[in-house]
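Taken from TrEMBL, the feature transmembrane segment applies to 135-154, 174-195, 207-226, 246-264, 271-295, 362-381, 388-406, 426-445, 457-474, 494-512.
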Amino acid sequence: MDEASLKVYNELTEDVLVSWISKECYQCLYQQLGVVTAAPRPGQPSSKDFVVSTQHELAFRLNDTSTKQLCNELTFHFGEHGNYSLWIKNLNNNSEADCSIVTDGNPVNSYTRESNTRLKLSPSFDQIEATSKEFVLCSSHISLIVMVFVNYGGGRYWFFRHASWNGLTVADLVFPWFVFIMGTSIALSINKLLRSGSTRSSLLKKVLWRTMLLFAIGVVIINPNYCQGPLSWDTLRIPGVLQRLAWSYLVVACLDLLVARDTWWSPILDILLYWPAWLCVLLLEVLWLCLTFLLPVPGCPTGYLGPGGIGDMGWYANCTGGAAGYIDRWLLGEKHIYQTPSSRVIYATHIPFDPEGVLGSINSILMAYLGLQAGKIILHYRDLPRSIMSRFLMWGLFLGVISAILTRCSKDQGFIPANKNLWSLSYVTTLACFAFVLLLLIYYIIDVRKWWSGAPFYYAGMNSILVYVGHEVFEEYFPFRWRMLNSQSHAEHLTQNLVATSCWLFISYVLYKKKIFWKL
């Protein structure tokens, strides 16, 4: 899957070294594809077969044994399952060769059709409580279902996989949006509980208990030997998605308990009333900036944000993630963080790096707090839909401008590139910008115009912790996975992943009808 066949023909009288890089790989070293021997005699080229990736455009460099470049760099975007030839011809004994790529067999269009195959089957966070805002519920539930679909594989399409380093794919959008809407739910929930007479101390105990449960559940489900006996501390991964949610929930809920009001105030004070909490969040962000750009990392340049490996011309191969990776390896140990980061796919990194690590957790707090701000807007502008939508739009534009400045509207050349692995500041501002705009649209469709009730996503969100844990634990079991006739078919993978996701929608619908809710 995501591969093509390339046959290289060499008509020269000397061996040719074929090297390549992905155009997605920023400032990378060329990697050796192979050596094609010299032609045995004139008019009879030698040849060699290779398999190449089709996910992104590739660049090829052809050198002789003395490393002399034989022709200009070739760039080509191969199609999946296509057959191609790369010809290296001698131009009348000139010093420069003629190099060209020819399509011998047309690729399949993996987005609209597949080769002939048949499919055969064989053997909120917690329920968001205390809010009447259906669009908030729907937003979190959509994020949850898309997260499940992406985790199941998303049809094995590259845009449903996380970006190798800088940049965004569909898979990189979902988790931050869930963190954002969790913050919105915290604001609405705590406000109603305070208005109903609950004390702050009792709510704090509930927050602490939920945090511990979420963290413990997260540790269990991300370590795959939990069904085979006791967990092994030697290789136990500590960070994870639920752990990141637990940490963000703890800090943001505590900040809201510190400043939340159980009475209504003037709408113009939806930020000023909560300045102590904003001050804490900004101080945390200053801490992230200082650690990221000022912390000395042995063997690496201070402030390094790159992937290491073959990136940056291979100068910093062991510096993946800079300070973020160094803190995780120092604090948690190499064996207790993620062993196969997405950076290894294109950048050929070889050291562990955890995308849910310690330093990035600071920015997840910022993401959740921006979601909390959305909740404050809903509370302060209750029954004023135009004001709610205008505030959402202003926040979206404000965060979008910050993102444009930080990234300089580029993927790799900004001051702070948008990076999911690092949960960089620009990543948070960009995704929060999208989140405010998306929340505006959903609010208009569901609460203002009442064009849609939120079904069927609504049902999954009412048992979101069950759906998330269940889809992780039972991922390898029927009907969520089965043996496929053609494991290289996007259509079969897509069908399997859609069926698995639909099963959880159906399960959550049945539980909703029976009024069964798993709450922490």
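The backbone N, Cα and C atoms fix where each Cβ goes, and this holds for glycine too.
Curation does not apply to TrEMBL; its annotations are automatic.
The model shown is predicted, which means the values in this text are computed figures rather than measured ones.
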Stretch winning on C-beta pairs under 8 A with the transmembrane segment (246-264) (pool: 174-195, 207-226, 271-295, 362-381, 426-445) is 174-195
Contact between the transmembrane segment (174-195) and the transmembrane segment (426-445) is defined here as three or more C-beta pairs under 8 Å separated by at least 6 residues; is that satisfied? yes
So which of 174-195, 207-226, 271-295, 362-381 has the most C-beta pairs under 8 Å when paired with the transmembrane segment (388-406)? 362-381
Non-local residues, at least 6 beyond the ends, that sit with Cβ under 8 Å of the transmembrane segment (271-295): 255-256, 258-259, 261, 265, 302-303, 305, 322-324, 326-327, 359, 362-363, 365-366, 369, 373, 376, 425
Intrachain residues whose Cβ lies under 8 Å of the transmembrane segment (362-381), provided they are six or more past its termini: 133, 136, 176, 179-188, 191, 244, 247-249, 251-252, 255-256, 264-267, 269-271, 274, 277-278, 281, 284-285, 287-288, 387-388, 391-392, 395, 399, 423-425, 427-428, 431-432, 435-436, 439
